[in-house]
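Look at TrEMBL and you will find GLY16, SER17, GLY18, LYS19, GLY20, THR21, ARG136, ILE147, TYR148, ARG213 tagged as ATP binding site. Per TrEMBL, AMP binding site is recorded for THR37, ARG42, LYS63, LEU64, ILE65, GLY92, PHE93, PRO94, ARG95, GLN99, ARG173, ARG184. As annotated by TrEMBL, Zn(2+) binding site applies to CYS139, CYS144, CYS163, CYS166. Annotation source TrEMBL lists domain 'Adenylate kinase active site lid' at 136-175. Annotation source TrEMBL lists region 'NMP' at 36-65.
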Amino acid sequence: MKLDTSNIIVFLGPPGSGKGTLSRLCVNRLAWTQFSTGDLCREHITNKTELGKNIDFIIKSGKLISDSLIIKMVEKELEKQFKNQSKVILDGFPRTKEQAVALSNILKASCFNQVKLNIVKLDIPDSDIILRLSKRMICSDKKCQTIYSLSDISLRPKVENICDNCSSNLIKRIDDEIDAILDRLKIYHLHENDIIDFFHNKGHKIITLSVNRPVEDIYRDFLTKLNIN
Ligand code: AMP
């Protein structure tokens with residue numbers, strides 16, 4: 001039997017634009033589910049799975065994993081998520097037009113009668129991204145992966161280098177080194193318009209959030225633009 005309605009939000013933005021931070025606010029305050037392909041990839045690497053061994057080098061270099069691999073991962077994971085939750089945030093997927101087409105097909109074949117898909121584009125100049133990523137720290141516990149920023153007072157840990165949530169040490173991501181940052185930005189801009197055009201042509205709502213401001217302002221703007229009470 002098909003379920004009623006599903007709400008899917010795609011956070012589309014360059015690395016460091018705050019997809020993960022905004023997703024976690026929605027999880028904590030709106031009880032939505034976050035599905036981050038980056039977190040899932042890092043979990044595979046930590047658990048030294050076969051897949052993890054194959055993608056370790058690619059992730060460190062800031063390149064994208066192949067569409068076929070990532071689509072397979074997403075198909076499997078989304079199926080699981082849909083069993084217990086109808087409101088899902090996609091953080092880091094799709095990243096190419098091929099992935100956008102695949103998402104559209106996955107949702108068409110899902111267990112819901114209606115799927116409301118909203119694309120939220122996070123807008124920020126590249127120069128701010130470079131500054132942000134060089135100050136970003138994440139929790140070293142792969143189950144937690146909370147994100148902190150040493151450049152934003154509202155996102156600093158309470159105790160230096162310690163995660164507020166689980167007390168694990170904070171670390172810098174290897175792909176937050178400058179060469180990898182520049183590569184990741186280049187790749188993002190290469191695909192951004194194709195993805196937006198694809199969803200626009202399919203008639204999905206696309207909203208833009210300016211994100212070089214405090215996270216609470218961004219969150220309020222997000223709620224208003226998507227009519228979430
Ligand atoms: P993120 O945490 O979203 O910045 O992702 C970290 C890395 O995981 C990326 O630089 C890619 O190597 C890989 N990755 C995550 N999501 C995708 C995706 N949708 N397509 C291809 N590679 C991805």
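Just so you know, glycine gets a Cβ as well, placed from its N, Cα and C.
TrEMBL labels come from automatic prediction, so no person has curated them.
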Ask   = Just checking: which of THR37, ILE65, PHE93, TYR148 have a Cα that is within 10 Å of the Cα of CYS163 (Zn(2+) binding site), counting only these binding-site residues?
value = TYR148
Ask   = Once near-sequence residues are set aside, which residues in the chain of LYS63 (AMP binding site), 6 or more away, have Cβ atoms under 8 Å from its Cβ?
value = ASP183, ILE187
TYR148 (ATP binding site) and CYS139 (Zn(2+) binding site), distance between Cα atoms, whole Å = 8
Key: Neighbourhood of ARG95 (AMP binding site) by C-beta distance under 8 A, where only residues 6 or more apart in the same chain count   = THR37, LEU64, ILE70, ILE187, TYR188, HIS191, ILE195
Ask   = Do any residues at least six apart in sequence from CYS144 (Zn(2+) binding site), in the same chain, have a Cβ closer than 8 Å to its Cβ, and if so which, in order?
value = CYS163, ASN165, CYS166, SER168
Note = Other than CYS139, CYS144, CYS163, CYS166, the chain contributes near Zn(2+) (Cβ within 8 Å of their centroid) the residues SER140, ASP141, LYS143, GLN145, THR146, ASP164, ASN165, SER167, SER168, LEU170
Message = Applying a 10 Å Cβ distance cut-off over all chains shown, what neighbour count does ARG173 (AMP binding site) have?
response = 20
Remark   = What DSSP gives for CYS166 (Zn(2+) binding site), in three states, is coil
Request  = Quick one: of the binding-site residues THR37, ILE65, PHE93, ARG95, ARG136, CYS139, flag those whose CB is under 6 Å from ligand 1, and say none if nothing qualifies.
outcome  = THR37, ILE65, PHE93, ARG95
Note = Taken over the domain 'Adenylate kinase active site lid' (136-175), the predicted model's pLDDT averages 92
